[in-house]
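Remarks on the structure that follows.
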Amino acid sequence: VLSAADKTNVKSAWDKLGGHGAEYGAEALGRMFLSFPTTKTYPFHFDLSHGSAQPQGHGKKVAEALATAAGHLDDLPGALSALSDLHAHKLRVDPVNFKLLSHCLLVTLAAHMPAEFTPAVHASLDKFLASVSTVLTSKYR
């Protein structure tokens, strides 16, 4: 459960991304695909070469979904219900991939925002991403 301080940290960090959300989302996906090769089986025939439009486009979708989540911290299940259905029933993404992507996103944010990425912000973002992952995997059965 996110505390009031966690919610403040998440909203503040997300606000500081500015227009870089899609870029950081794509970078995090690239990190995940390179660091965890088994994740490459899920983005159905993505061209994973550097600068490819497919990971860039999916990175934008990831960033937009996380921005939606950051704006609805008190109702993550409601805000992410359609996305949870999509990943569980249509895409059938391995639930482990959400944890791996969360890790890669934390690394990406730390690399681009070192001054803002304090231990408290790190902990809050980690809890936030874990909560998002839990919601996205809630309809897997």
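Cβ atoms are placed via backbone N, Cα and C, with glycine included.
The annotation O2 binding site is assigned in Swiss-Prot to H58. The heme b binding site annotation in Swiss-Prot covers H87. Residues annotated as domain 'Globin' in Swiss-Prot, with sequence analysis given as evidence: 1-141. Annotation comment: Swiss-Prot describes K7, K40 (among others) as N6-succinyllysine. The annotation phosphothreonine is assigned in Swiss-Prot to T8, T108, T134, T137. Annotated N6-acetyllysine per Swiss-Prot: K16, in sequence order, evidence recorded as similarity to another entry. Here Swiss-Prot flags S35, S102, S124, S131, S138 (among others) as phosphoserine.
Feature map: annotations from Swiss-Prot on the structure.
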residue	record	CB count, 10 Å
K7	N6-succinyllysine	16
S35	phosphoserine	12
H58	O2 binding site	17
H87	heme b binding site	21
S102	phosphoserine	20
T108	phosphothreonine	22
S124	phosphoserine	22
T134	phosphothreonine	15
T137	phosphothreonine	19
S138	phosphoserine	15
(request) Let me know the most crowded of the modified residues, choosing from K16, K40 and counting other Cβ atoms within 10 Å. (result) K16
(request) Round to a whole number and give the Cα-to-Cα distance in Å for the pair K7 (N6-succinyllysine) and S124 (phosphoserine). (result) 7
(message) Spatially, and counting Cα to Cα, which of the modified residues is closest to the residue listed as 'heme b binding site'? Options: S35, T137, S138.
(response) T137
(request) Over the domain 'Globin' (1-141), work out the mean pLDDT and round it to an integer. (result) 90
(message) Taking only C-alpha atoms and a 10 A limit, tell me which of H58, S124, S138 are near T8 (phosphothreonine). These are the recorded positions.
(response) S124
(request) Based on Cβ atoms within 10 Å, give me the single least packed residue among the modified residues T8, S131. (result) T8
(request) Determine, to the nearest whole angstrom, how far the Cα atom of S35 (phosphoserine) is from the Cα atom of S102 (phosphoserine). (result) 13
(request) State the three-class DSSP label for S131 (phosphoserine), counting H, G and I as helix, E and B as strand, and everything else as coil. (result) helix
(request) Spatially speaking, which of the modified residues K16, S131, T134 is closest to S124 (phosphoserine)? Use C-alpha to C-alpha, please. (result) S131
(message) On a C-alpha basis, identify the one among K16, H58, T108, S131 that is nearest to T137 (phosphothreonine); the candidates are the recorded positions.
(response) S131
